[in-house]
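Some notes on the structure that comes next.
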Amino acid sequence: MTIAVGRAPQRGWFDVLDDWLKRDRFVFVGWSGILLFPTAYLAIGGWLTGTTFVTSWYTHGIASSYLEGCNFLTAAVSTPADAMGHSLLLLWGPEAQGDFVRWCQLGGLWAFVALHGAFALIGFMLRQFEIARLVGIRPYNAIAFSGPIAVFVSVFLMYPLGQSSWFFAPSFGVAAIFRFLLFLQGFHNWTLNPFHMMGVAGILGGALLCAIHGATVENTLFEDGEQANTFKAFEPTQEEETYSMVTANRFWSQIFGIAFSNKRWLHFFMLFVPVMGLWTSSIGIIGLALNLRAYDFVSQEIRAAEDPEFETFYTKNILLNEGLRAWMAPADQPHENFVFPEEVLPRGNAL
């Protein structure tokens, strides 16, 4: 008689770590968490530190922290000085040489927040991929989240990489982002860019689709509860439908003459529209990084310059852009010591 004794399979450190990372807990960690949690913590902490204590006097010549009197809307972590170029501004690098105060003065916190923020967003997308795989569903949430990542990377990293330095990226603050939008309009005529138009159509179109879809579902809920509040009649595990797709189809068929008859196609469309808007606007920002122009109607500009009585909304916008450039550049880039002669300042077509 032969007795076979099985040997327990060898478990290496990788298997032990894999089990610990994927353990069922209140906040799932996962392999993506190794990237997500440290980078998100450092990015948020860097932003809170910068907006609370760090001045922008040495980079932009302005106050930008709560300590200097700013509020939540005007505080920001400002971009590094123009002279820093595209340096990563490492704390131990040749610029700061390990001096934390000097590092903050040069704008090192902005580079710190931007890079850690980008990796945190990527980690969050990978987290959605990882959990979708473990749960056994498709990864469309992660694919959709690539839209915000594309916008962040193109605006905060790709655009300044195409310009002379990190200085021209947006600073991390509410009013700072508004200033950046004015800059994009004045120097790139961004609102007339077709990629911006597609981005606006995607974002506002997505909001419209979301509102229409939510209202339609609420309109066609089945009266399947005895309570005054219809929300209490829903159970997450119920097998039957909670609203009538047929009734919704009849409603919109009467309104537009056409309506979605397939829930899968409807929800894919709701995914596609805003994500494509984010992607196309990101492509447009990369075009701005390369200083590509779009929709420059030079013939109208020439005619407006020659004929004081000829003016279009386009030529009026061009004059507004010239004003933005003329008055924004000296204030925004004081280190350049811009001086504009009186004759080049915009005064309107008739003068």
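Every residue gets a Cβ built from N, Cα and C, even glycine.
Long-range contacts of the transmembrane segment (39-59) within the same chain: residues 65-68, 70, 75-81, 104-107, 109-110, 112-113, 116-117, 119-120, 123-124, 167, 171-173, each at least 6 residues beyond the stretch ends and with a Cβ under 8 Å from a Cβ of the stretch. Annotation source Swiss-Prot lists transmembrane segment at 39-59 (among others).
Under the heading chlorophyll a ChlzD2 binding site, Swiss-Prot lists His116. Within 10 Å of the C-beta atom of His116 (chlorophyll a ChlzD2 binding site) sit 20 other C-beta atoms, taking all shown protein chains into account. His116 (chlorophyll a ChlzD2 binding site) falls within a helix when secondary structure is assigned with DSSP.
Residues annotated as transmembrane segment in Swiss-Prot, with sequence analysis given as evidence: 123-139 (among others).
In three-state terms derived from DSSP, Gln128 (pheophytin a binding site) belongs to a helical segment. What Swiss-Prot lists as pheophytin a binding site is Gln128, Asn141.
For 151-164 (among others), the entry in Swiss-Prot reads transmembrane segment.
If you draw a 10 Å sphere around the CB of His196 (chlorophyll a PD2 binding site), it holds 22 other CB atoms from the protein chains shown. If you look up Swiss-Prot, you'll see His196 marked as chlorophyll a PD2 binding site, on the strength of sequence analysis.
What Swiss-Prot records for 206-226 (among others) is transmembrane segment, and it gives sequence analysis as the kind of evidence.
What Swiss-Prot lists as Fe cation binding site is His213, His267, and the listing cites sequence analysis. Here His213 (Fe cation binding site) comes close to Leu266, Met270: these same-chain residues lie at least six apart in sequence, with C-beta atoms under 8 angstroms from its C-beta.
Marked as plastoquinone binding site by Swiss-Prot on the basis of sequence analysis: His213, Phe260.
Residues of the same chain lying 6 or more positions beyond the ends of the transmembrane segment (277-293) and with a Cβ under 8 Å from any Cβ of it are 146-148, 150-151, 153-155, 158-163, 184, 188-190, 193-196, 198-203, 205-206. Residues or ranges marked as transmembrane segment in Swiss-Prot (evidence: sequence analysis): 277-293 (among others).
Cβ neighbours of Phe260 (plastoquinone binding site) (same chain, under 8 Å, six or more residues apart in sequence): Asn249, Trp252, Leu266, Phe269. Note: the Cα of His116 (chlorophyll a ChlzD2 binding site) and the Cα of Gln128 (pheophytin a binding site) are spaced 19 Å from each other. Taking the C-alpha positions, the distance from Asn141 (pheophytin a binding site) to His196 (chlorophyll a PD2 binding site) comes to 24 Å.
Sequence-distant contacts of Gln128 (pheophytin a binding site), defined by Cβ-Cβ distance under 8 angstroms and a gap of at least six in the same chain, are Pro139, Asn141, Ala142, Phe145.
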